[in-house]
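What follows is one structure encoded as structure tokens, with my remarks underneath.
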Amino acid sequence: MKYQRPKGTADILPGESEKWQYVEEKARKLFKKYRYEEMRTPIFESFEVFSRTSGETSDIVTKEMYDFFDKGDRHITLRPEGTAGVVRSYVENKLYGPEFQKPYKTFYMGPMFRYERPQSGRLREFHQIGVEAFGVENPALDVEVISMAINLLKSFGLESLKLSINTLGDKETREQYRQALISYLEPFESELSDDSKERLHKNPLRVLDSKDEKDKKIVENAPSILDYLSDESKNHFDTVCNLLDSLGIKYVVDSNMVRGLDYYNHTIFEIMSDSKAFKGKWTTICAGGRYNGLVEQLGGPETPGMGFGLGVERLLLVLDADENQLPIENNLEVYVVGIGEVTNTETLVLAESLRIQGFSVERDYLNRKPKGQFKTASRLNAEFTLTIGEQELNEQKANLKYMESGNEIKVSLADVKNNFANLAEQVKKEG
Ligand code: ATP
Ligand code: MG
């Protein structure tokens, strides 16, 4: 029997995990500047949290849910996306209360699960970094969230990005548009894919999101939602466009764009990359929008919301393809060279003491000859080596070497344990 990871999952190994940490760290720092704080919600939720919000004709609900009944016969789902869980938590913890500032700004990062056909940039367990902001209608918030997403991607050195925006308007808008879209699509009904036939009357906006090539052709000439906007919706969208202009953010309006989830309204956006990683095909890395109404749907008071989700795997595909050298630091400060088995204990004591003093320390565990140990020390790019043999042990001394200059000094073990920083300074200066 050979064990393998489940289809569509990945092991993130050392060498790779540093990149993840780098990306997450950068995101945390940027979110702090925008005053977003982290929320950690459960990885599984009641099935209804997602089924009621994503939309019954969405890909997520129709085919992609990882759901099961637990031993207490509760219908559970591994979260397919981050927003619904955050909204559930927002309502349950009454974060809309007067003691909290508006907008209530929060971010999350972690694994999401969708039963998809695995391929490059599409997994069954994948990771998102996302933000949500609650309680503000002002289109300035929409634009700030979009700008934050772009700044995040730019901070990783991503250059060739495309921002697509659209509006899904308010309820009134969508009702008008829905009728127009059905009228347009009905004559093509027999030519549509099975999914789209199914969705035509239930949720025609979903047809616009079809990945079927024939559907895409049909949809090309569909009426534009922009011609059906209510005054309020038009006003909101125009303001968003003007504010993007004010920040000098370039965008294209794609009136056929809808999102994979049904809860969006007003502003929606996608940030795409045509990196080599995607063979030049514009691929969405980050997507989001407004979801006024979602908080109410999950039992809270009427509260507007705005957010985005960024696919970490897709971002890393771009970073790898661009040979974008991430400034990842993994410097070894001290390698303790212990010569002979008699030094085993002292090597342990020294290494531990140095680590407690704040240095990163490696040693040999295999009783190897000095030559082999020094080789490892330079392969690991150690800044210093601290060498101790039987004689040094008897004298309670060690040899400290600054690798860059090759300068060496004799140091007392007591000094190493008391104040290594001092000795490090000394051997560097003399070199
Ligand atoms: P798609 O149309 O590609 O299926 P979606 O509309 O389902 O995307 P969202 O729900 O908006 O995607 O998720 C936001 C981001 O999360 C995507 O832009 C993508 O970067 C990432 N993402 C979504 N699904 C997956 C997946 N199965 N594997 C890896 N990343 C994913
Ligand atoms: Mg999808």
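Note: Cβ is positioned from N, Cα and C throughout, glycine not excepted.
What TrEMBL annotates here:
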BINDING   Glu81, Gly82, Thr83, Arg114, Gln128, Glu132, Arg259, Tyr263, Tyr264  L-histidine binding site
DOMAIN    23-327  domain 'Aminoacyl-transfer RNA synthetases class-II family profile'
If you tally other C-beta atoms within 10 angstroms for each of the binding-site residues Glu81, Gln128, Arg259, Tyr264, the top scorer is Tyr264
Averaging the pLDDT values of the domain 'Aminoacyl-transfer RNA synthetases class-II family profile' (23-327) gives 95
Thr83 (L-histidine binding site) falls, by three-state DSSP, under helix
All chains considered, the count of other Cβ atoms within 10 Å of the Cβ of Thr83 (L-histidine binding site) is 26
